[in-house]
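Asks: Look at TrEMBL and you will find B:72-285 tagged as domain 'ABC transmembrane type-1'. Taken from TrEMBL, the feature transmembrane segment applies to B:16-39, B:78-100, B:112-131, B:163-184, B:205-229, B:263-286.
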Amino acid sequence: MRKNKLFVVLVSLFTLVILMAGCKGTGPEGESAGAESEETESGKTVIDFWVSWGDSKADWFNKWIDKYNASQDEVEVKATFIAGDAWEQRVKAAQAAGTGPDVMTMNYGSIVFSAQQGKIQPLDEYVDPAIFEDLHDFANEFVSFDGKHYAYPFNAEPGSILLYRKDFFEEAGLDPEQPPETWDELIEYGKKLSKDGRYGLTAAGNTNDLAWSHWGLQAMTGQLPISDDWSKATINNEGYKKLFKFWKTLYDEGIFPKQQPGMYTEIQPLVDGRTAMMFNGSFTFDALRNEYADVVDKIGVAPLPTPDGNYKQPTSAMGGWTFVVDGNSKHPEEAAKFIEWFLAGDPEIMVDFFELSNFSSFTGRKSVDEALKDHPEASNDEWRKILLEKVIPYAVPEPIHAWEISLAYANALERVYLQGQDIDESLKQAEKEINDYIETNDYAGTNPRLQ
Amino acid sequence: MKKLSAINRSDKKTAFLMLLPLIGLLTAFVIIPLFYAVFVSFYKWNFYQENIFIGFENYRRVLSDPLFYKAMWTGLKFAAIVIPAQFILAFLFANLIRTLGGKFGGFVKTSIYIPHVISGVVASIIFLFIYDFDGGLANFIITSLGLEQVAWLADVKFALTSISIPAIWLGFGLTTLVMLAGLNDIPKTYYEAAVIDGANAWHKMIYITIPLLKNIFLYLLVVGVTGAIQQFDLPYLMTGGGPLNETMTPNLFIFTHFTKDPYMGYTVASALLLFVILAVISAVIFKLFNSKKMDS
């Protein structure tokens, strides 16, 4: 009998321990961010900082974080570098368990919804308001919601530009300093540049890549596929018909491969000569200059061709990164001060970053741009000049509407060029899909930017 | 009799003790999260603000999304391609290996098992090279035969089949070895008796081998079908779910919502619905095959 009791007690204890282990951190109201260690042995407040680019720029981050840690004796910033693929899982799991970092990197597209849901805190009450006056208008708009600033910009990158091989242009009798400016020219150039073993142009080839890399092309039509207040589809119009026809022609004429040679962001097909022109983002500059220095001189950069050849219109969506303070951080002031020092303080910190990344992205700050004007490499960088003059001033922010809307666009385009569906029919179907989405999800009027 | 039941009681206690760690782990990592998921699926769930009870709203949204049905259908189609091919190949190979003895048999067994230890990620990359439009092995073979190049991963007609082939390759080794273990369990005397009765190879397969492998088939079918429907890494890396959502398997669909949605309700509700669908499919398979222990 006694043995039985012991058995029951053991079983109960074991189950309880396991249950407690299982329960830990599953509650939606987590305890606090950076729960691992709040203070160092010397009494400094620990600020956990998560960076979403893996180890690629870890040395650079650590160099400046060490300087910050040495510059004062109240706060110790500890950085964790997480690879892009694992980022979402890691962050969401930590947020759910209440063990998220104090500061983390966040892309522009996530800021508004994160602010709306209290996932991030406004910086205004902790930092000098003058730091926001240093921001270009586009960057200020990116990080603002409801009259407050929820992030500070790290960098900005145009997601769609034209890269082309000058040597292949010469080979085909085209002027390498005159890239195509209109859609018709692009088609004409594409035909001339295509030959056995080489395509005229490569671009986004799978649904996901089409869904986001076409935001610049969508902007050329003058309208996203959904109205600004998210109340109705705005995809079934002449602008989109023209865009679909343009894309289908590229495919039908064999200027595009029937299957793209890789992901949208891959630069190799241009480097190894499998294509003469490529749609890609400015983020490729880093890889081109670091890994393929021997072909850099042969590569030209231009805005995406537009229907009428005028580049003074949006040809690209601007993405990019910021630092934010977690909504559950116990030390928001210290966290915000760190961001202020790192991103809004000495412009040399960011100049150092742009130098390291081969000027593949841009700043949201006027003072950093000023500092870059005097930088010999930056001021002589032709690619950078072209983007600063012809792309960035007209770029649109990455849209924040639901992914389903971008997917409806991508699927409509795929139906046309892959399956040969009539353009009008496909746009009509996409219009219905978007309107159905709006209705099912009570989506009309929910754009937080307009609230 | 009394002595016997005392032994039984003690055996039971030992059995429960042995099961305890497993039950504990299952409770912590499966049962509690499952109930918690059901709980949050009724809320507009946010880690940082008060959760708002919205009843079946998340489920209504999932069930009125045509892409959810398309993803489920894609999962079923994927399983319908992968499982029969894997079964037939594995059955033939298992029979072949049984007849091979010694070192060569061991070599074949090891060779066909190797793909099983290769991760889906590595397989995806290998097959991305094979399916490359211009430099890939698949199109090299096709064009050598005088046929036109095929956009294996970009053509709506081929994409799902193209990602099924690495899945078959990856799962085929284990299926073969499990079938081989089943085959080796069938007493040789059955076959000898059948030969005396004048049975040929076909008869032996239909009347002895297949009926006696029923439970093995059942296990492989349930594990295979539910595994195939939940395929994630191959479409994630090779096609991103496209073209036209033709390779958007249920798990990839759920993962896409997980990474893109501002709220988690839709993701949790669709994951739970997938759980129900998989449970129903497993139940149907059990029912159809009428699983029971073989009479000795």
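Counting starts with 1 at the first residue shown.
Cβ atoms here come from the backbone N, Cα and C positions, even for glycine.
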Asks: Same chain, outside the transmembrane segment (B:112-131) by at least 6, Cβ under 8 Å from its Cβ: which residues?
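Replies: Tertiary neighbours of the transmembrane segment (B:112-131) are 93, 97, 137-139, 152-153, 162-163, 165-166, 169-174, 176-177, 232-234, 236-238.
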Asks: Under an 8 Å Cβ to Cβ limit, what residues of the same chain, 6 or more beyond the ends of the transmembrane segment (B:78-100), are close to it?
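Replies: Beyond its ends, the transmembrane segment (B:78-100) has Cβ neighbours at 108-109, 112, 160-161, 163-164, 167-168, 171-172, 175-177, 179-180, 182-184, 209, 217, 220-221, 224-225, 228-229, 231, 247, 249.
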Asks: By a Cβ-Cβ criterion of under 8 Å, what residues six or more beyond either terminus of the transmembrane segment (B:16-39) are in contact with it?
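Replies: Residues packing against the transmembrane segment (B:16-39) from afar: 268, 271-272, 275.
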